[in-house]
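A.B. asks: Sharing a structure here in structure tokens format.
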Amino acid sequence: MYIKRTFVERNIVATLLGEALILIAGTILLTASAKAQVPFYPVPMSLQTLVVVGLGLFLGPVRGSGIVIAYILQGLAGFPVFAGTPPAPSGLAYVAGPTGGYLAGFAISAFVAGWLARKGYAKTIPGAVTVAVVATALIYAPGLAWLGVFTGYGERLLTAGFYPFLLGDLVKSAIAGLLFIAASTVVPGLGHKSGRKPEKK
């Protein structure tokens, strides 16, 4: 009985350690993607939306959104994980600032991308890309709603927070979908709860 309990306890510890490592790796990846600047038109793009959607697709809704929430909490605590920090300060001032709505959208996006993948909507290239586009669009909803508080609503809002990033986000959505399909050929059943391909009926 003691041996069995010890074995179970070790399994629990190993599982928790594994989840912690995934969480740490995910937040590091998110931080790096926020700092990266890729030359693009009409403005340079970061890789953050690609990573956000990818986390949901590859890790599922709970893990994916959990990593994003942990990342936001790190920024709230003052760690320089957000784009432009430093020199811009992290903390509540950043999260409550003009781009704070996009951060909330990241968590929603990762969850929805993972949920749709688990439901089987990302099993083909068109499906995976569509899921990525939908998940990316959900970043804009709270992002623009909150940004409008600072810029006003209308054309000025779209010029500040939508038009410059649309093309880049469409490209990143396509990349996220293609990467997920490519990985699914190596790891069958990726994105499904069981980790296995669903049986044909």
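Our numbering is plain: 1 for the first residue shown, then up by one each step along the chain.
Just so it is clear, glycine is given a Cβ too, placed from its N, Cα and C backbone atoms.
No curator has checked TrEMBL annotations; they are predicted automatically.
Found this in TrEMBL, in case it helps:
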type	residues	note
TRANSMEM	12-34	transmembrane segment
TRANSMEM	40-59	transmembrane segment
TRANSMEM	66-85	transmembrane segment
TRANSMEM	91-116	transmembrane segment
TRANSMEM	128-150	transmembrane segment
TRANSMEM	170-191	transmembrane segment
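Give me the lay of the land around each of these features.
C.D. replies: Residues 46-48, 50-52, 55, 59, 63, 66-68, 70-71, 74, 81-83 of the same chain, all 6+ positions outside the transmembrane segment (12-34), place their C-beta atoms under 8 angstroms from a C-beta of that stretch.
Here the transmembrane segment (66-85) has Cβ contacts under 8 Å with residues 22-23, 26-27, 30-31, 34-35, 46, 48, 52, 55, 59, 91-92, 94-95, 99, 103, 106-107, 110 of the same chain, all six or more residues outside its ends.
Long-range contacts of the transmembrane segment (128-150) within the same chain, counting only residues at least 6 positions beyond its ends with a Cβ under 8 Å from a Cβ of the stretch, are 49, 52-53, 56-57, 97-102, 104-106, 108-110, 112-113, 116-117, 121-122, 157-158, 160-162, 169-170, 172-174, 176-178, 180-181.
A Cβ distance under 8 Å defines the sequence-distant neighbours of the transmembrane segment (170-191), meaning residues of its chain 6+ beyond its ends; these are 40, 45, 47, 49-50, 53-54, 57-58, 60, 114, 117-118, 122-125, 127-133, 135-136, 197-198.
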A.B. asks: Sort out the residues at least 6 away from either end of the transmembrane segment (40-59), same chain, that have Cβ-Cβ distances under 8 Å to it, and list them.
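C.D. replies: 22, 26, 29-30, 33-34, 65, 67-68, 83, 106, 109-115, 117, 122, 128, 131-132, 135-136, 139, 163-165, 167-169, 171-173, 175-177, 179-180, 183, 190-191.
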